[in-house]
Amino acid sequence: MISLRSISRSPAVQPARIYRTLATADTSGINEQAKPKTKRKKTVFSDSLNKGPSFEDFVNGKAADMLVDPLEAARQDPNQRLPKWLKVPIPKGKSFNNLKNDVRELKLATVCEEAKCPNIGECWGGKKSEATATIMLMGDTCTRGCRFCSVKTSRAPAKPDPMEPENTAEAISRWGLGYVVLTTVDRDDLVDGGANHLAETVRKIKEKAPQILVEVLGGDFRGDLDMAAILARSGLDVYAHNIETVEALTPYVRDRRATYRQSLSILNKAKETKPSLVTKTSLMLGFGETDEQIMQTLKDLREIKCDVVTFGQYMRPTKRHMKVVDYVKPEKFDYWRDTALQMGFLYVASGPLVRSSYKAGEAFIENVIRKRRHNVGETPRLAQEVNPKIISQSI
């Protein structure tokens, strides 16, 4: 016998169950049509595994023939290999090791190491009077992020060590160098951009070793020309600031806070503040610049009476940095050296491995500085070494 309770419940339960089933079926159909078809995201790792040998290949001993050594592949592909003129020997030697140990002991940073300079063995490994070290002041972390540079970056790096000027002067006097280069990371977090810290370091060096010639490779101080003047009056012998590349490529190569005209104004202010100073800059080639752009840059530099220019090949530090557009041949570097000398530059260093501080203490430039310091005779030039073909073309 059917109870009244079961009869009263069944009509309410059954339609609800049917409703839910229909609703679920309709909704799923709509969702399936609305969902876009997504492609599988390819990854180098998974694709390499799929294309590589299987477990059966390993068991049968066929895997060795299917594997490709990345180093061997790079050797076989000329597009992946560095040109032979960009290869350098591993740095070594007594002088090199002594400099390296002193840098560690006094907790100093060098741009030679931080920027992975290829000439570190040649510069650190020379005789005492010929060796050149480039000390990086105010830490190893920059507030800018240029697309060619491997130095670490941060918006808020550590505060400069107040003992750094004293420690730097002590190290340099101990090494007995004839020429030293001081450089710095950009410190946009400091009010003066670090100008007073640099100036104090120069003064300390001159107190402990007045015979040493000092070159400072400084930043642009965000265009503050008063800071450039402070550094120019510190007692240094060479005021260097790198323009890095031609004007058209500057926004793509350098940090957005650095501009071509701003760099020119810094060099110009240094020369105006102390005309006897040797002013110096550096250009990297290989970003895709044209000959016309390089020539215009040299003209701009001569207009502000820049004395020294160096040319070097841009070499990509890591895959995160700008790609090399072209490797400039040594013959082209010779051409730019001769051209710059013919235009009136006192000294030019030009070559694939040349960097802004390369052979900074070479005898010729030391002679120029000492003559200017004592105002003795006419300032010499390297005109006698200019390629005669370049001179004949310009006449």
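Going from the start of the chain as shown, residues are counted 1 onward.
Each Cβ is built from the backbone N, Cα and C atoms, and glycine gets one as well.
The shown structure was predicted, so the numbers you read here are calculated from the model rather than taken from an experiment.
Per Swiss-Prot, transit peptide is recorded for 1-14.
Here Swiss-Prot flags CYS112, CYS117, CYS123, SER357 as [4Fe-4S] cluster 1 binding site. In the shown protein chains, 28 other C-beta atoms lie within 10 A of the C-beta of SER357 ([4Fe-4S] cluster 1 binding site).
According to Swiss-Prot, the feature domain 'Radical SAM core' maps to 127-346.
The secondary structure of CYS146 ([4Fe-4S] cluster 2 binding site), as reduced to three states from DSSP, is coil rather than helix or strand. Its own atom aside, the Cβ of CYS146 ([4Fe-4S] cluster 2 binding site) has 20 Cβ atoms within 10 angstroms in the protein chains shown. Positions annotated as [4Fe-4S] cluster 2 binding site by Swiss-Prot: CYS142, CYS146, CYS149.
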Cβ-centroid neighbours of [4Fe-4S] cluster 2 site CYS142, CYS146, CYS149, 8 Å, sequence order: ARG144, GLY145, PHE148, SER150, VAL151, THR153, VAL185, ASP186, ASP255
Distance, SER357 ([4Fe-4S] cluster 1 binding site) to CYS142 ([4Fe-4S] cluster 2 binding site) (CA atoms, angstrom): 19
Whole-number Å value for how far CYS149 ([4Fe-4S] cluster 2 binding site) lies from SER357 ([4Fe-4S] cluster 1 binding site) (Cα to Cα): 15
